[in-house]
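Undergrad: Pulled the feature table from TrEMBL, pasting it below:
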type: ACT_SITE; residues: 427; note: active site, proton acceptor
type: BINDING; residues: 142, 181; note: FAD binding site
type: DOMAIN; residues: 21-136; note: domain 'Acyl-coenzyme A oxidase N-terminal'
type: DOMAIN; residues: 138-250; note: domain 'Acyl-CoA oxidase/dehydrogenase middle'
type: DOMAIN; residues: 282-442; note: domain 'Acyl-CoA oxidase C-alpha1'
type: DOMAIN; residues: 482-660; note: domain 'Acyl-CoA oxidase C-terminal'
């Protein structure tokens, strides 16, 4: 570990308290021994290379920051080629470089869009160029005036049968493409989403591959206005990325550059539906959203690792003689911190399950089985919303858990927050996504009388009559440790909220008017449903054959129970008002939660060590593995450019005259 080489480990006593095999928990966290060994090897490769240094980012100007990111991306590509890394290894390397860059959109959106929506011929033409990075792509969907409402996009793609071309045009200011990462200064190509029009008829929004810049001198092609949209929130953060603005002035592209896997346009301008089901497009959306959930667990675990290690190092109050109390021993700190550790593990395991779901849905779609697609779409939309919202709030909570020092950029938390918080908006605004989930739930409830059985994560609604009559049987605090009790309580709460919202909707003569009026309440039902999914998948994980012995499994049980009981505590109004539990049972849940905090306390450092993050990746003095916080903070302070001189620039012009004026006034 990085604490080796004779370095004092200030957290050694904490690590000795662990009641489980940390190395085995690392494998559980990673998903498999293969994934653990791969992540460990690549993360240390990046951490040991000075070319990937990142601790100076917040000191850089925007231009310096961007150029430094270009350098790192080019160097990373060079190393990928030199080391002959596989696609999986290359993805890991880019991840551990830990810097938002144009490559994120190239590999994460541009390539998957062509894979998912391009014909075999289009894939054969464009993917080799993209895989060799002979072209660099981005994903141009969001516009200045429209983001979440994709059907409201204004960019047009009008087919001209005389030239066999599409004319891409931005008819209004608000139709300007706005926000695509990599667009501003780097991308040579984009998958552009525009309103398709042929022979005077509109056919909805479709994707087009459009070249933006010359491959010779990188200048914008004729008819294209393109640039960066400016500084974003934070210091370094997303300012390493060239989020862009793009306008088209009747730009012509060949007909075969429309992505035509699902819908094809002939030379005559006739639209022909292919034999490939339109639903296959949703597979790409499921893929992107499951990666976002996985990213949420990583970002949350990173913040939690920093806050937990620092909470064990920091001492305040509590002793007249000898050492002060470790902050982590205060129950107020535990009640805020330990549920976040539990959430990190919960999101990791639900992310694992979503990976399986994506594979399952893809296989079904290829076999023309669309039965699980609506549920999978709602599920990934809801979990994207839930996990990103919780993670953004949790990173800020971790900063506050670190006290004043958490506000320093060197804590790593301000920049982590600034980098992460856009996830609450991109790939679907979180509130809009919850309302999509709510629509699906209301439709599911409405179909129950017809005998249609809900599937997958909504299967519990098939037992709605039982759940509406359910009474929790908890008699003492220990009863809350029974996974089946917890699961049924969450099912009862979600089912009753769904039925309640459906009944209220039914009282409106106009369903859409009712949906608009009740939207906030419907979103709450969607949250309850999504929290049930996370709890159920955590419990399913515990029922699997987990390597690492009873110590590992017991800690996971503790975390699962903390996650669930903390949700009950935080959403007590829902559980009580639906009658899922009684006030007495809620009190017992709180008692058990406090007991679980005491059981997790000796294992807290080991639980975050299991994330196996290098100091380079964490990027935090407060969260460094050896816990040597104060000397490092002191040393870091002197690196600030303001300390280059003892007397600051501006003293002679501003400070000295002020001081002298004050002195003269004092003599009067």
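Cβ coordinates are placed from backbone N, Cα and C, and glycine is handled just like the others.
Because the structure is a prediction, the values reported are computed rather than measured.
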Undergrad: Out of 142, 181, 427, give me whichever of these recorded positions has the highest number of other Cβ atoms within 10 Å.
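TA: Its Cβ has the most other Cβ atoms within 10 Å: 181.
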Undergrad: Where does the mean pLDDT land for the domain 'Acyl-coenzyme A oxidase N-terminal' (21-136)?
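TA: Per the prediction, mean pLDDT sits at 96 for the domain 'Acyl-coenzyme A oxidase N-terminal' (21-136).
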Undergrad: To the nearest whole angstrom, state the Cα distance for the pair residue 142 (FAD binding site) and the residue listed as 'active site, proton acceptor'.
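TA: One finds 10 Å between the Cα atoms of these residues.
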Undergrad: In the domain 'Acyl-coenzyme A oxidase N-terminal' (21-136), how many residues does DSSP call helix, how many strand, and how many coil?
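TA: Here the numbers are 90 helix, 0 strand, 26 coil.
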Undergrad: Write down the Cα-Cα distance for the residue listed as 'active site, proton acceptor' and residue 181 (FAD binding site), rounded and given in Å.
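TA: That comes out at 13 Å between the alpha carbons.
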Undergrad: Helix, strand, coil residue numbers for the domain 'Acyl-CoA oxidase/dehydrogenase middle' (138-250) per DSSP?
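TA: The counts are 10 helix, 49 strand, 54 coil.
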